[in-house]
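Engineer: Sending over a structure as structure tokens; questions will come in a sec.
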Amino acid sequence: HDTPTKMACCGNCFCFQCCCREGETRTPEELTILGEIRDEEDEILPRKDYESLDYDRCINEPYVEVLEGMDNKKARRYEAVRWMMVFAIGVTVGLVYCSVLLLTIKCCLSLSAVEKCSDKGCLPLSLLELLAFNMTFVFIASMLVLIEPVAAGSGIPEIKSYLNGVKIPGIVRLRTFLCKAAGVLFSVAGGLFVGKEGPMIHSGAIVGAGLPQFQSITFKRINFDFPYFRSDRDKRDFVSAGAAAGVAAAFGAPIGGTLFSLEEGSSFWNQALTWKVLFCSMSATFTLNFFRSGINFNKWGSFQLPGLLNFGEFKCADGDKNCHLWTAVDLAFFVLMGVVGGLLGALFNCMNKSLAKYRFRHIHPKAKFIRVLESLLVAMVTTVVIFAASMLLGECRELSSPTTQNTTVTASSFHVTGSEDINSTVRQFFCTNKSYNDMATLFFNPQEAAIHQLFHQDGTFSPVTLSIFFVLYFLLACWTYGVSVPSGLFVPSLLCGAAFGRLVANILKVKLGMHIYSGTFALIGAAAFLGGVVRMTISLTVILIESTNEITYGLPIMITLMVAKWTGDFFNKGIYDIHIQLRGVPLLEWETEVEMDKLTASDIMETNLTYVYPHTRVQSLVSILRTTVYHAFPVVTENRQNERDFMKGNILVSNNIRFKKSSVVSRAGEQRRRCQSMKSYPSSELRNVCDEQNAVAEPAEEGEDLLQQMLERRHAPYPNLYPDQSPSEEWTMEERFRPLTFHGLILRSQLVNLLIRGVCYAENQSSATQPRLSYAEMTEDYPRFPDIHDLDLTLLNPRMIVDVTPYMNPCPYTVSPNTRISQVFNLFRTMGLRHLPVVNAAGEIVGIITRHNLTHEFLMAKLRQHYITV
């Protein structure tokens, strides 16, 4: 049956299709729960179970005591320790990369078997041998991912989310590092179309997060007494440095690594952090360079091999005066290649997104071994395609003269130096001594060697070979990215794009008779396709310039990447943003749309608040912590004076009534839930407290009548409740609805810490008798603070009182209810906040804003509601 209130709602809102009918589709806000999928758009919405990091400092009394005890000498010592940590991170990342290179598995046996069988006619046997090698290695890599699922993929989406302020469980743990670093070796050795640069960037970030902590959860014996850097703020800075060092060591590009960390992740940045990140990147680059040069050339200190991936030197043949790396006329073709690269990148992302959705729905919910079987299937298909294409579709091409090209080639599993030349990495399957199999040269080489062939091989690659190679590599790389193995995307995208660029160069040379440098077009094609897939601009431009050691390529690379990004953005997002969205991570973009300023903070804030008093009983704190999932609680007192001013017509006070009116009944339900929790408390005294609260629940339709009754009796005195009394005890509906003066925020972890350490005082004592905790004791358990369910309730006296004022943050960032969304968004993102209280002009808290209130999907839903209301 319809209640009068419900009928009135339908009568007043008929023209707006009021949601009073049963069976109606749910609102977008209701769909924003645990990644539920919207049928009409098939879109996964941000999940609410992701926690946010807090970049803001909690300026409470223990922290102030630390500041007061710190003079200039101690401050300089602390800064020196920070610089030492940055340097240690850079050196460690360089050593990790060097170790990965030394441990890279070389499958020379299978390659030599194929070459011998090409003459003796035993190709099926060599195919079986190659399948056995590849599938064994991929099986090991997939099993490592089963041990730590976060180790799958490149890790760049997860690190980007972490630097944006989202805490993803297990993303920077030591076990993840071990599985990632070992798994990527087997993935690459297994012949999959994956790169190791992305996983190495993730590994660098883990080193940055873990090294300054001097402790490990995986290996509990690693636990040193090191009190520094126990906050999300410090940890995010070191993760930024570690990720930048990973990029720098991978490409030999320290400046590009710094810009990568700035462009792709960090929401908060300053001059000091920029300098530290650059120093860390330089340390990683030169550490790797030092050891690689010494190991490969026995010339310690020569610094000849800067990174894992080096594109070699781009130069024309000696004596060819008509050769130019590129001309102004070529810029027009570079722009067209940028457009095509953006289109191909958008197609790649669209196909990979569909595959990822299929995996989430049909593979991941099943048994874990199904993921292993998928990885083995991809490895088997990839091996068969490589083998069949090289044997059946390759063409024999003439070798170029060894004297025309004398470069230094560096890759993860090969190096060609000195008198050796580019022809040493060609494959001659079924071809004479003076020719090579162009398809086998691309498929049966490490990816870095194949890229180098496309950049510097003067011998021609058949247009048919390049076309077939591009199509096969495009499809298999798209299928591979997302399987349960550690896998990067940088090098496969570069190789796929280089084949596209070399194809364009062949067409221009043969069909149009243009005198161009093929290596330049291969480089621009690689940049166009990679830019179309990942949509990076500033950092990728600098990375490619540093990798080529040719500053004249700056303009064409920049133009190509910009065009590729603009073209791809017409259709979808970058591949990393797509995978972030598929995981439901509440990522905050750089800024909001202009139309969002039609909303204010009061339109998006959460009004159903759970709060504590400055002096709160233990029983109330336990009840609040056990019945809510909030990570911060406003500390408030009752503002009785403003109760008499409710009906004076002031708009801010009227807004305050409107904000609180919607949460009156919900607060009553909250009190009821707390009572149910307190009844399970091992204390008869606490169970009796709730006996008189069973009648608190009121029907929803009576909430407005209760509000009117309270306003009519607004001058009646309140019951004599002093601040020491808990807001959960013996409250009527009228007593619960009061103006709340805001004093600060206290975190869940801080409250649990206070309860576990017994920080409280008795009713007949002063709060000065309460034990005091130092800053080191408050942060001792970082980053794994104890949970409320770990608390032994039998050891607590529920009537004891906790004074939370010394440990709360008394001066957090706040906004007015009338603040526009762009201002709220910029403050929240740039300062790296986790909670943003909304406080009116009277100093009363009327709501709170978190990360989920600022996601694009949530803002769009509120904007649609705004249009309907208008």
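Placed from the backbone N, Cα and C atoms, the Cβ positions cover glycine too.
Checked TrEMBL, it gives:
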type     : residues : note
DOMAIN   : 808-868  : domain 'CBS'
TRANSMEM : 83-105   : transmembrane segment
TRANSMEM : 125-147  : transmembrane segment
TRANSMEM : 238-260  : transmembrane segment
TRANSMEM : 331-349  : transmembrane segment
TRANSMEM : 369-393  : transmembrane segment
TRANSMEM : 464-483  : transmembrane segment
TRANSMEM : 520-545  : transmembrane segment
Engineer: Give residue numbers and ranges for long-range contacts of the transmembrane segment (520-545): same chain, 6 or more residues beyond its ends, CB-CB under 8 A.
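Structural biologist: Answer is 247, 251, 253, 255-257, 259-260, 262-264, 311, 314, 325-326, 330, 333-334, 337-338, 340-346, 348-349, 451, 454-455, 489-490, 493-505, 508, 551, 553-554, 556-558, 560-565, 567-569, 573-577.
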Engineer: Can you say which of 125-147, 238-260, 369-393, 464-483 has the most Cβ pairs under 8 Å with the transmembrane segment (331-349)?
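Structural biologist: Per the Cβ under 8 Å count, 464-483.
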Engineer: Mind checking which residues reach the transmembrane segment (369-393)? Cβ under 8 Å, same chain, six or more beyond either end.
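Structural biologist: Apart from its flanks, the transmembrane segment (369-393) reaches 114, 118, 123, 127, 130-131, 134-135, 138-139, 141-143, 145-146, 190-193, 359, 363, 427, 429-430, 437, 439-440, 443-444, 464-465, 468-469, 472, 476, 479-480, 483-485.
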Engineer: Using DSSP, how many residues in the domain 'CBS' (808-868) fall into helix, strand and coil?
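Structural biologist: Its residues divide into 27 helix, 13 strand, 21 coil.
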Engineer: Note the mean pLDDT of the domain 'CBS' (808-868), expressed as a whole number.
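Structural biologist: In the predicted model, the domain 'CBS' (808-868) has a mean pLDDT of 90.
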